[in-house]
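Below is one structure, written out as C-alpha cells; the observations come after it.
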C-alpha cells in the first residue's frame, strides 16, 4: 500500500496528529484476529496544529511524549499521515513488466509534468494498481506526491518524542484500511457498497465516499465540534478546557439540550446533507447505501439517529474495534467512546501487517 516513505519494520504505532489532539494506537494480530494492545489520546495546545499543518513543533512533540506514557507502550516505530489535501495523486499508464526500480526511474523522468512543484521539494511514491482496462500491455500506476516539508515536520515532531516515522501515509488511504473493518457493522462486505464516511473533527468535516472499498470522492469543509465547544463557553462562561469536559461528561444547565446541543446537531445534519448534494451533483451517483459517522463529534448521543431520520439513509457510528480482542490494560468503555475518532489511527496501525 502507498506510503510516501517506507522502511521495513515490525509492529508500528499508528499516530494521528489532528488539530486538537494526538491519538496513538498499537495493534497485534493472532490467527487472523486483531487485538488492541494499547491506545491513548492526548490534547494538543491551542493552535499547535492549524488546518492539518503543524505550527508549534515543540508543543506537538511534548504531546507525543505524554501520549506514549499514557499508552504504556515501549514501541518506538510509528506511522503518521499527511492530509489528503496536501497530496497530489494521479493515475498514469505505464509499460507492463517493469521492475519496481525501472518504474521508479521512469516516474522520476515523467513526474514533473504531473506535479506543480520543483521535484527536489517533493516526496514521491507510487503503487501499481493492476493491468490497464484500456490496454492489457500497460499497467495503471497510482502516483502520489507531497511537499517534503509536510513529511519532514511530522518526522521532526515524532523525533522529539524519541519516535521514528517508518511510514508516512495519506489520511484517505488510512481511512480505507479501517473502513474495511466495518463489514460486521454494515452487515455486508464493504467491497460491495457505496458508503459516505463523514469525519467530523474539531474544525474540519471531511466527506469521503467509498465505492467498492476505494475512495471516489472527498470534500473538506470548515465545520466541526469546536463550534459546539465555543457556544458552551459563550453561553455558560466556561474556559475552553471546562467546556470541552462538560461537552463529554455532562453537568451543564437544563437548557443545554434545547438551546445549544439541538441547534448544533441540526447544523451537523445540514452539513452532511449539503456535502452529499455536492457529491450527487458531481455525477454518477444519486444515493449511498450508508452514512458512517467518524471523528470526535460522531459520538454525540443520537446524532446518527437524527441524520438517518432527516436524510433517510441508514446511518451508524464507526467502530473499527467491534470484532477485536483487547489487552487487559485497555479501558473498553473509553475505547468504545473514542472509537469513531480513531479511524485514521487504526488505519495507520494496520500498516504493521502489510
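Any Cβ shown, glycine's included, is placed from N, Cα and C.
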Given Swiss-Prot lists 18, 19, 20, 21, 22, 23, 202, 203, 247 for ATP, the same-site residue among 61, 84, 162, 296: 296
C-alpha spacing of residue 115 (Mg(2+) binding site) relative to residue 247 (ATP binding site), in angstrom: 43
For residue 115 (Mg(2+) binding site), the one of 18, 20, 22, 202 that lies nearest, given that the binding-site residues are compared by Cα: 18
Pairwise CA distance, residue 20 (ATP binding site) versus residue 112 (Mg(2+) binding site), rounded so that it is a whole Å: 35
Residues satisfying Cβ distance under 8 Å from residue 22 (ATP binding site), sequence separation of at least 6: 15, 16, 41, 42, 44, 60, 63, 64, 67
Close in space, distant in sequence - residue 112 (Mg(2+) binding site), Cβ under 8 Å, 6 or more apart: 119
